[in-house]
Amino acid sequence: TKTISKCYVQVTGMTCASCVANIERNLRREDGIHSILVALMAGKAEVRYNPAVIHPSAIAELIRELGFGATVMENCGEGDGILELVVRGMTCASCVHKIESTLMKTNGVLYCSVALATNKAHIKYDPEIIGPRDVIQVIKDLGFTTSLVKKDRSASHLDHKQEIRQWKRSFVVSLVFCIPVMGLMIYMMVMDSQLSDAHTHHNMSNEEMEALHSSMVLEYQLLPGLSVMNFLSFLLCVPVQMFGGWHFYIQAYKALKHKTANMDVLIVLATSIAFVYSFVILLVAMAEKAKVNPVTFFDTPPMLFVFISLGRWLEHVAKGKTSEALARLISLQATEATIVTLGPDNVLLSEEQVDVELVQRGDIVKVIPGGKFPVDGRVIEGHSMVDESLITGEAMPVTKKPGNTVIAGSINQNGSLLISATHVGADTTLSQIVKLVEEAQTSKAPIQQFADKLSGYFVPSIVAVSVVTLFAWIIIGFVDFEIVEKYFLGYNKSISAAEVIIRFAFQASITVLCIACPCSLGLA
């Protein structure tokens, strides 16, 4: 007997089914090559050859001569089939041993492990020699019932509905409270500019100025130190901080638990500090019964949350769109197949319905008019028209006669066909497309990886900068108080210099945090 080895060749440059046919036809003629199977989507050829006559490198060279790129794939484990089964009826460790030892003796089974606790069996096999149905039969013969682990076909892991809902809610909450805050802010700005105009034109004394200032509705003090403006801003800010920022807090907590800092940490840091600082300053002002209202940052959190939750919401909507397309693709796969046994002269002896996962390479599958092709294969008998638009996009049905290839998921139209399965399970064209789209979704663009890496350094560095700012101003203040006095307008002359310095330093460092947070890097 001649020894036959198997190798896998990665083939690039194939564009359509005729490329596949071209490679298969030409290589079959060569000495020492037994059979060749080319998968278009996966871009790989499985070749069975006689090592005494030809080497894998020579096979790759033959494919190159046909005008395609070809490299021999080292890890030949690629072609192993993997089977997950649920086995019922096992009572003790000896049952497990019995199944494992029997399967390992079976020709074609490469690896097998059975777990008594979960009733699961994990089997690796060589699809050339044996298939899932044979393995199941072996286990049944031992007296156990077994079935496939049902794969989730609904693609529920691709569903972004929940995230879309949660970010939309977060955005709407923030927006509802943000609009009044922005309104108050704009009103204050307009009034302030009018005031400064009045100041420049009429050279009023500071006392008159203060009188004019306090006559403004929003600057009116409900309690000493608590103006209407600050009180309203505070009321509007609390719900945003609680409900709008809820998800950010959760994410930030998780990130910090794993000792990493992401954008969420920065967002939470900036908004929380701005909120807490403003709140404390108000309390201090009320305790001091201050005449001039303190500068608060209540407008920062709502606006930040609005921008960022809008961004996240849009991102998930976009992700949901691609996922929807993928879920539709997955739903195109057939769930069952009709396997037939042929006698001499292709006489039908018997047929049975099985799960698509149980179809083995080399099985003869019957596809009736209007039925879907469960696997990729070659037509053995019958003539028909096939609608392949889901893969190729061509609207007209394609004629199929014996020898033609068919694609899983395409629809048989008028004639009954018998096909021989060539690619089954995860190797079918449709599964490969689904896999490619999934990979494209999970892999990040290089620029995105770079941004993530940067934001890892970005967050700690911003925090560091704001801490430096804090201490720098404290030091400057104690060394040269006039500088602080120059920039820190409208502070109450009655409080001590030290307090003024510390307040100003805090204000400066908070500003750094709040401005760094909605930076373009984070939003992008």
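Start at 1 and count along the chain as shown; that gives each residue its number.
Keep in mind that glycine also has a Cβ here, set from the backbone N, Cα and C atoms.
All annotation found in TrEMBL is predicted automatically rather than curated by experts.
Annotation comment: TrEMBL describes 5-71, 81-147 as domain 'HMA'. Residues or ranges marked as transmembrane segment in TrEMBL: 171-190, 222-244, 265-287, 457-479, 500-523.
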So what's near the transmembrane segment (265-287) in sequence-distant terms, Cβ-Cβ under 8 Å and 6+ beyond its ends?
223-226, 230, 233-234, 237, 241, 245, 248-249, 252, 255-256, 293-298, 300-301, 304-305, 308, 455, 458-459, 462-463, 503, 506, 510, 513-514, 516-517, 522
Outside the transmembrane segment (171-190), six or more residues from its ends: residues with CB under 8 Å to it:
218, 229, 232-233, 236-237, 239-240, 243-244, 298-299, 302-303, 305-306, 309-310, 313
When secondary structure is assigned with DSSP, how many helix, strand and coil residues does the domain 'HMA' (81-147) contain?
23 helix, 24 strand, 20 coil
So, by DSSP, how many helix, strand and coil residues make up the domain 'HMA' (5-71)?
22 helix, 24 strand, 21 coil
